[in-house]
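Working notes, beginning with the structure itself.
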């Protein structure tokens, strides 16, 4: 198969002129291959416009041609269904599944032709029917060859022309020749055909446009879970305990103060979870003495979701910063300050100053800002258009070196924040350790492990393994399903 | 979804080597098709380099070849104008409009050839001449075929190679064959030809590079208008009124405090204006009982500018956040606090604490941060490289669901801010209601309407209409000029 | 040469199915051109998968075919090295440099074939060997034609498909025919071949993936240098001087307060350095009376790094904002405020209010926020995906007009901050002028110069020069190495 070449005809502003112009492109239809379309919805219309713009002659079949004609550009021929499907070899079926049976009257005219099923079930329909729309169509028209295609392309993309992200058109069919014909059509329209095999795959193809950010589900749930846990923990320690033991009502801290503390914990733990799987993978490689083995599935998935976990961490860190900056805007802050001033005046009047506290907060804040600044660089370089312009070494420098720096900075941020309280008995409310000591666990493991991997004995062995060296007797396993895992871990 | 493609032939770093290398690419010229260029400016040079890199043989015509030759790579032949235009079939005219008449001496040599007009008038020239440069050139050379092309491409893009955004080359000419020849040339150079019809369109094509963010004009003016109105309103209520009635000089609040309050109003109203047209469109569809009709022009334009209005809203909201964080940095804030402390000490010394005020501000701040966080997700997903990697369902989830969530959060933010004052007589200065009650108007209409559309009776009918169902007797209108409006509104 | 238009077979999710499907794509190999691969590492495997997906028949040579076979998809033939290299005309050498000699046993079978060297040296190896890997391979196999290619593409890109940033494949070889054959192969795989000349260039090609953000080195060092200088200066003035002269210990200001002040200076000076080279270039053009001359190298490089310097400036400005918002969160701030309140109560009790100070800070803060807001627009439009969607006029409007506005706003920000102190003797600690007066130097020069260029006499002359006009007797110089400099400066 030749690579897909394609001239991006995009920008709606320009491309919709194609069919009205008097130029060569628009005039091609007279000798152009003929394509039929059944249906007159948005998709049918966009399809017709794109086909005309790509040099095809289009005939649309409608039950009420007179009424429908006005909806299509004048270069498109609109006629009765039976007449429309008589001459073209390829007929697009752009009607809803529930109307498929109504097309059965055309069985005779359609015999031997290629039917292209472009339909997209709703989520509900997809769950309800075990048979894909394309297979259902095939069962209704046994004398036709059904090809599933174009369902991932929206009517808008068809009109506006293919763009970066959505130019791939998965195709499947049981007949190879039909698949090739439709592939050529797809290419001529500026998209890239991708062979998905036989019609059994249609169900999978139809599920594609139903995907809702699949890569984000686990990281989002993880962040949510951590948030709930830490929020409850902070609530018990910082609100419930003072209330029960000292009778102090600090419930007003729930919306800002506790959320803020919780967000910092979530961001910090998530960041360490970005680097933990790499450490585990390296440890596994060192232990087995080879890189030619499959990681366990959970580790594999974890490695693949690091980008999303990292962005989640950045989002929480940014919210934490916003909440922190809101602290002095609170009314409670103002009251506290005023009451403290009054108390100070009444009690002892010597200037108030605790050098240690002052230094602790200055360093704490500075580390926090620097950690957020570093994280924001990571976030920016994970934008597709920037990531694509970096070579492997640059990408790995930013994601691995700068990312690790951010982890170290936030560890210092956390340590200066809570160091003093970790060793006071009064901090262990209900015998629960301060939140910050809990959050330090995973990050410290990661930092220690990476410290270990820098030792010459381990780093040399690891480098050798990553160049393909294997320990005598190391057991290899085929990696077919994901060859890149080994590579992906190489920037541990 | 995987990204993709643009035939970015070359980073400048690499591409400028093409003409110096000893390889096959650079050597092709011997048998390559010959192309002529008249002119020796930046554009002529970049054009020559790109043509050579694309395998053409280039001959440049100059009035002073000796002097000009040094400006071109050695593979380009530089000679006298008359000689240069004698052999090639296609001659690029890369000189300024005012020099066109000086080329008339070449009329005989140019007879029957294709002249490609690549010129770009300045804005002033464009307004001054009613005739496009290309038509002017055609009138000077009646025996030649003039084709307008490449004017939208900058010299820099020619050298650096085509990129995503700017690979389209609109072409127009009165002769179809010439247009086809130039189209092939355009393709061979890695760009995408777009047929714009006959030479009459040249004026329009020449206006393209003069466009200055056309999609942003209306949203920017809208934001500015709202800013001015709200600023005046806030000034009257918060600065003028205290001055006239209480003799309190609070003019120092103009640069930060009043601007901050105004920005929050503008951001909030703009956000609601993003969702209002969708609600109106749905209401129209419900009323007419069909989706096959044209929206009124104003609604149409409004629907198309939602993205820009939304980004404007985000920008104002972000500035509002920055201004808010600046509040405690003001000197006036410090003085107020100190004076309050002194007053507190002198007057009554019982601790100051108003539970309701404390809670109100905590919730107010928390809602604000969350609304800004949600809006920032919307802003990020409207970056082209990210928007292109989402499927329709994902895009609509983020823009519609998350966007509506942001609207609800900012409504809560606004309500907690001003609820108490809405029912005090003292808030109605000069009988003007508090600003926040004004801003609530549109957003509440939008939220209520979307609440209504969720009712089973309406939501079912709307779903049916969007699948193509029509009420008996619904009047259809052709939609040719913008078929996608109906689709665009489908994520109300 | 045909244009490179791109094959995007990407999406790992889909593309790895190609070789398992029963469709036409996967079946092509039977009649497809045969390609050999020596090696079984990550890169060899990814290469094999991509070649199969692009319609080639692949045979892999291994010393232990049985063991290796499991690592490749079933459509790839894995056999002994000698057998593998016997039939294909092109053999990829995907082994490390140190194993090249071990391939010498295959010399006879390889005679006359094309060897493609895909290897990438590590930085250490690159420095250690003066001879490139490809030249070394050529010296070992004098009867073969060695072509260097694909080394810039990572195994991951091979599998995932070509993307925007990394689709160029530099190729070099001493034999033109071999280079052409490999170029076609590269195109068929969806990448863009770039001719780099003869095999001598291999060393340069091998250095490409070792590049580490070369465009950022100078700007980053510049920012770092400025930071160190200003930090030291601020330290001496604001911490050391009070300590030595007044015995006041303010060392606690080092982590936040001094860093914050320093960052603002760095951001401001960097921003002015973005616009200085444009001013210098314009001055040079005016002086020489022509645009046809080469700028001195330093100016040239400076012009090319403006984007990075600008982004550096934005990054520092953003950090400055974050640090500023942290100021009221500091413990020292709280202590200062409390102590001041106490002092106020004890001393005189009249309300504290200095109108001038209040106004100064309000304007100072407002200008700062607006400058940061404007800078953020510049930063956003320099994202590749957005920059590519703007035409030249729009880009220049944002980068030049808005950028200059940001410079003016930050000058006002700086002036309101320090104006009062500039004229007090007490501000000249150790006879050092206040930091802000130092930073004003460059920006004021830039603003004044641009003010001058607006004068009709100069602006007209400059416009003429930029349209190609030359002063009588102006000396031209060839510009071959960087033709675009003149253009790049045109938005001064």
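Positions of Cβ are set from backbone N, Cα and C atoms, glycine also.
Keep in mind the model is a prediction, meaning the values are calculated, not measured.
According to TrEMBL, the protein carries these features:
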| type | residues | note |
| --- | --- | --- |
| DOMAIN | C:34-121 | domain 'Pyrroline-5-carboxylate reductase catalytic N-terminal' |
| DOMAIN | C:265-409 | domain 'Ferric oxidoreductase' |
| TRANSMEM | C:218-236 | transmembrane segment |
| TRANSMEM | C:256-284 | transmembrane segment |
| TRANSMEM | C:309-330 | transmembrane segment |
| TRANSMEM | C:363-383 | transmembrane segment |
| TRANSMEM | C:395-416 | transmembrane segment |
| TRANSMEM | C:436-458 | transmembrane segment |
Non-local residues, at least 6 beyond the ends, that sit with Cβ under 8 Å of the transmembrane segment (C:363-383): 271, 307, 310-311, 313-314, 317-318, 321, 324, 390, 395, 398-399, 402-403, 405-406, 409-410, 412-413, 416-417
Feature contact check the transmembrane segment (C:256-284) with the transmembrane segment (C:436-458), CB under 8 Å, 3 or more pairs: yes
Secondary structure composition of the domain 'Pyrroline-5-carboxylate reductase catalytic N-terminal' (C:34-121) [DSSP: H/G/I, E/B, coil]: 35 helix, 23 strand, 30 coil
Intrachain neighbours beyond the transmembrane segment (C:218-236), with Cβ under 8 angstroms and 6 or more residues off its ends: 254, 258-259, 261-263, 265-266, 269-270, 273, 301, 305, 308-309, 311-312, 316, 429-430, 432, 435, 438
Tally of DSSP helical, extended and coil residues in the domain 'Ferric oxidoreductase' (C:265-409): 121 helix, 0 strand, 24 coil
Overall pLDDT of the domain 'Ferric oxidoreductase' (C:265-409), taken as the mean: 91
